[in-house]
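S.K.: Relevant sequence annotations retrieved from TrEMBL are reproduced here:
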TRANSMEM  41-64  transmembrane segment
DOMAIN    42-453  domain 'Major facilitator superfamily (MFS) profile'
TRANSMEM  128-147  transmembrane segment
TRANSMEM  188-206  transmembrane segment
TRANSMEM  218-238  transmembrane segment
TRANSMEM  258-281  transmembrane segment
TRANSMEM  301-323  transmembrane segment
TRANSMEM  330-350  transmembrane segment
TRANSMEM  356-381  transmembrane segment
TRANSMEM  393-412  transmembrane segment
TRANSMEM  424-446  transmembrane segment
Amino acid sequence: MEPDGSSAGLARKAALKFSEMSDRTKQLGSAMHEPERQRRVILVIVCVALFLDNMLYMVIVPIIPDYLAELESKQTVLVHGNSSTTHGANNREKLDMEIGVLFASKAILQLLVNPISGTFIDRVGYDIPLLVGLLVMFVSTCIFAFADNYWTLFVARSLQGLGSAFADTAGIAMIADKYTEEAERSRALGLALAFISFGSLVAPPFGGVLYEFAGKRVPFIVLACVCLADGILLLTVIKPFSNRTRENMPVGTPIYRLMIDPYIAVVAGALTVCNIPLAFLEPTISNWMESTMNASKWEMGLVWLPAFLPHVLGVYLTVRLAAKYPHLQWFYGALGMVIIGASSCTVAACKNFVQLIFPLCGICFGIALVDTALLPTLAFLVDVRHVSVYGSVYAIADISYSVAYALGPVIAGKIVHSTGFLQLNLGMGLVNVLYAPALLLLRYVCQVKPSASERNVLLEEGPSGLYDSIKLEERKLKRKGLCSTTIKSACPVDENGLFERSKSSSEEDSSGPEYT
């Protein structure tokens, strides 16, 4: 009887433990669904996704050239035997071309897919595309780990571009959607940019050390595990397949209309131009350091690492300044482009490793100013000039980055061989300085408050389309004290329910922010 009693007691204790665990799990789940906590968890998920993407982008820098050279030498020995030295120059030229194409393939595919991914995100929301992007990045990282030839590596790199087109765009758009206040939005996007910078700068030493001591597979397996964990956290917290509230959200402005918006075009051009020095120096600076200052391998691998601190400092300063003086976002971006231009012009004058750190820090500091000021500005422009759905506008931002990073690995080396490293840096610096005044176009836009964003007030433009005309007419009649029923009879609802949406948004809060 005693054993039965003891077993019953153990069973009762186990049931109590399971009950307590179940209660704690429910409490944790309910806490996770509190709006403020969910926003923070979403920010963590997006920051990890952006960190991973940039880790994957840069971790191959110290691994792939050496790995491909090893594969090429084995193949040459098999084909040519001992006479392989006669083919050294041709093999080196071919290897450089293969590395350039491999590095650029991610940005090229990302550039091609972004118009589609932006429209897809606007239609289905931000969570499912983010999950799709993480899954594709996980698959591409696993392929990288076990690839044993050039074409498998090319497929893995291209798949990474496909995943980035969904994950990066959806992640940044999700932050803009969850953080609607300008100060909070700048702070959240600034934190995301800090993770991007950290991933880009820590990846080369991370990949180089693990490749040297543990082999090619280990860095990619570690990153694949982190990517999988981030995807599981996304599924647990957001539950993308069970939340279909997106069906009641407004339809976003088509991406082609956003592209021809002059103010969005100016911001997109600035994002492209400011990233050109970084994109063009990454594939060329190592060879230049080796030939001009006899730099060692560790110096070439760590030359970008000190730039992380000024990049974070630039993000922090811009966020603080934007909170106090939000109407000067255009000025922070223009100042950043001038700093990038001046720093780029001094790179070729450096004679040793220590001197080179300073202009590279200046470039990263300037990029932090431009990115942190202009990424929130894109969401602000959508708020005051279009519909507040952010997938397409951040797809345009991703296209801007992709243009720079697609061109860099392909043409930077050719420019250095044809004109010289000095001319390359002077040209990049001059382009940044000359583009900076274009941001003056945003000066008056940044002073507009969302509550005064009627199309006939903002930039002296008239209403475009039935939706804007109805909203403006309704506001005029309200000022005269007329009821909204007069407008309803004068402006019937079309099949898309444009008036219904306009009326409900104005009735909710006629004094609050109104977006067109």
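In case you wondered, yes, glycine gets a Cβ from its N, Cα and C as well.
Annotations in TrEMBL come from automatic prediction, not curation.
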S.K.: Mind checking which residues of the chain, 6+ beyond the ends of the transmembrane segment (218-238), have their Cβ under 8 Å from one of its Cβ atoms?
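M.R.: Answer is 32, 38, 41-42, 44-45, 48-49, 52, 55-56, 59, 63, 127, 130-131, 134-135, 137-138, 141-142, 144-145, 206-207, 210-211.
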S.K.: Using a Cβ cut-off of under 8 Å, list the residues of the same chain at least 6 residues beyond the transmembrane segment (356-381) that approach it.
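M.R.: Result: 172, 176, 182, 185-186, 189-190, 193, 197, 261, 263-264, 267, 270-271, 274-275, 277-278, 281, 289, 293, 303-304, 306-315, 317-319, 322, 329-330, 332-333, 335-340, 342-344, 346-347, 350, 390, 393-394, 396-397, 432, 442, 445-446, 450.
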S.K.: Would the transmembrane segment (41-64) count as touching the transmembrane segment (128-147), i.e. at least 3 C-beta pairs under 8 angstroms with sequence separation of 6+?
M.R.: yes
S.K.: Is it the case that the transmembrane segment (188-206) and the transmembrane segment (41-64) touch, counting contact as three or more CB pairs under 8 Å in which the residues of each pair are 6 or more positions apart?
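M.R.: In contact, yes.
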S.K.: Quick one: do the transmembrane segment (330-350) and the transmembrane segment (258-281) have at least 3 Cβ pairs under 8 Å, skipping pairs fewer than 6 apart in sequence?
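M.R.: They are in contact.
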S.K.: The transmembrane segment (258-281): which same-chain residues, six or more beyond its ends, come within Cβ distance under 8 Å?
M.R.: 333, 336-337, 340, 343-344, 347, 360, 363-364, 366-367, 370-371, 374, 377-378, 381-382, 385-386, 392-393, 396-397, 399-401, 403-405, 407-409, 412, 415, 424-425, 428-429, 431-432, 435, 438-439, 441-442, 445
S.K.: Do you know the mean pLDDT across the domain 'Major facilitator superfamily (MFS) profile' (42-453)?
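M.R.: Averaged over the domain 'Major facilitator superfamily (MFS) profile' (42-453), per-residue pLDDT gives 84.
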